[in-house]
Amino acid sequence: MSDGFFHAQQGSTQDIGHSLWQACVDQLAQELPEQQFNTWIRPLSARLADDYSSLTLYVVNRFKLDWIRAQYSKRIAALLESIYGQPIALELAIAPRENVNAVRNQIASFVDAESLPEAIPVEEVSYSVASVQSASSSRHRLNTALTFDTLVEGTANRMARAAAMHVAGSPGQLYNPLFIYGSTGLGKTHLIHAVGNRLLAEKPGAKVLYTHAEWFVTDVVKAYQRKTFDEFKDKYHSLDLLLIDDVQFFAGKDRTQEEFFNAFEALLAKKSHIVMTSDTYPKGLLDINQRLVSRFDSGLTVAIEPPELEMRVAILINKAQSEGASMPEEVAFFVAKNVRSNVRELEGALRKILAYSRFNQKEVSIQLAREALRDLLSIQNRQISVENIQKTVADYYKIKVADMYSKKRPASIARPRQIAMYLAKELTQKSLPEIGELFGGRDHTTVLHAVRKISGERQQLTELNQQLHVLEQTLKG
Ligand SMILES: Nc1ncnc2c1ncn2[C@@H]1O[C@H](COP(=O)(O)OP(=O)(O)OP(=O)(O)O)[C@@H](O)[C@H]1O
């Protein structure tokens, strides 16, 4: 058995397997759009091998198995490894007949059990789970747990939060559209759900819809294929409040942009409110039509920054409380000092600590946190610094280290500089403004542009991908 996370725990193999899979599911719930999560991940059941060498996920049919293998297995394996503390084989198998009953029970917890047929054919089971779950939140698709009450306020999100509260209280007036941007895991999705939940609490009859930009794209494609644009317009143009997440996903999708433009104009004309999120400010969006970009910027654009130390501490203490656990302030400080990038990672660290404490039946302390986060801390101890990255990249591309800070623009210098900025974001905990500062006082938007450019090109250019791989290996030692 691993000497990592689950080493000293109590409980049967299946308890351990269940906890391991549950931690993985929690993380996937954060990462995936709700619909994808409900359709593909939620219906899975897991079994840990007696010798802890593999975890098998049971899927109801061959089609779903192939899809999960193609789309999700890499991410699931990586998550299992990070939670478990060392690689664990991931296997996928068709669910044996008796597992189907377990799924049936799961469905029964959402609907009246009597209304289910005695034997549900295997093929229908996961479909039923997915559709029952999405029906429960189908009208507005809001996650009712994401409210202003559960969102900790700090300098990093103060303005965005105030603007969002204003919109929730008086929609259709000031700040329309409200455009919220920031890096991953900083609370953008949480904030726009909070707007919807607050408005519905005050005006239960309001027509509110939360959607992810990818779902909007899917709706456009469906309307196009089925020639149902009237239905599409009914759905989007009649809203009082449209909350749309991650609009950077509209990049390069001209037809979707056109439909979004139409919806946008229709909603603003009837004084409905639009709240959007993105990973960058409007003018930083790539491959989005200019007339749309200028509309995005025509209300209020606000950033959410990475949380400062005190805010990270408050988030940890609040989240621990909401899980019925307590986290002493000194432990919260210890964790907050070491996990600095975003709130999602902070939550991951907290989950590990609480699970470690439960399994070992020990109080949460700095020592326990140190043990639970051993892997994470050891990665940090390898201390990849921005200076080190600049030197390594400069050596590799045979330019001077000083060119990393200079204002020179020839491609032979600008490109290695962008690569170094990209690696600094990937391999260190530094924020975009901090990286910009270390590259000769550049603006954080310059760094963001470099990060997005190199990560996009990496997907397409094999040669660049190989160079980055060599650089990463060299830096990680
Ligand atoms: N200020 C906060 N207080 C409490 N929880 C927060 C706060 N900010 C973020 N979180 C939590 O952190 C997690 C990640 O936040 P969220 O999904 O909203 O990030 P995001 O900015 O939308 O990320 P992405 O761009 O990757 O979609 C969520 O569980 C959210 O509830």
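Glycine is no exception: its Cβ is also placed from the backbone N, Cα and C atoms.
What TrEMBL records for this protein:
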{"type": "REGION", "residues": "1-124", "note": "region 'Domain I, interacts with DnaA modulators'"}
{"type": "REGION", "residues": "141-357", "note": "region 'Domain III, AAA+ region'"}
{"type": "DOMAIN", "residues": "174-305", "note": "domain 'AAA+ ATPase'"}
{"type": "BINDING", "residues": "GLY185, GLY187, LYS188, THR189", "note": "ATP binding site"}
{"type": "REGION", "residues": "358-477", "note": "region 'Domain IV, binds dsDNA'"}
{"type": "DOMAIN", "residues": "385-454", "note": "domain 'Chromosomal replication initiator DnaA C-terminal'"}
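Feature annotations (TrEMBL) mapped to structure.
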{"residue": "GLY185", "record": "ATP binding site", "Cβ neighbours (10 Å)": "19"}
{"residue": "GLY187", "record": "ATP binding site", "Cβ neighbours (10 Å)": "25"}
{"residue": "LYS188", "record": "ATP binding site", "Cβ neighbours (10 Å)": "24"}
{"residue": "THR189", "record": "ATP binding site", "Cβ neighbours (10 Å)": "20"}
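In the predicted model, the region 'Domain I, interacts with DnaA modulators' (1-124) has a mean pLDDT of 68. Same-chain neighbours of the ATP site beyond GLY185, GLY187, LYS188, THR189, judged by a C-beta within 8 angstroms of the site's C-beta center, are, in sequence order, GLY182, THR184, LEU186, HIS190, LEU191, THR277, ILE304, VAL343, ARG344. Secondary structure from DSSP puts GLY185 (ATP binding site) in coil. For the domain 'AAA+ ATPase' (174-305), the number of residues in each DSSP class (helix H, G, I; strand E, B; coil) is 68 helix, 24 strand, 40 coil.
For the region 'Domain IV, binds dsDNA' (358-477), residue counts in helix, strand and coil come to 89 helix, 0 strand, 31 coil, using DSSP.
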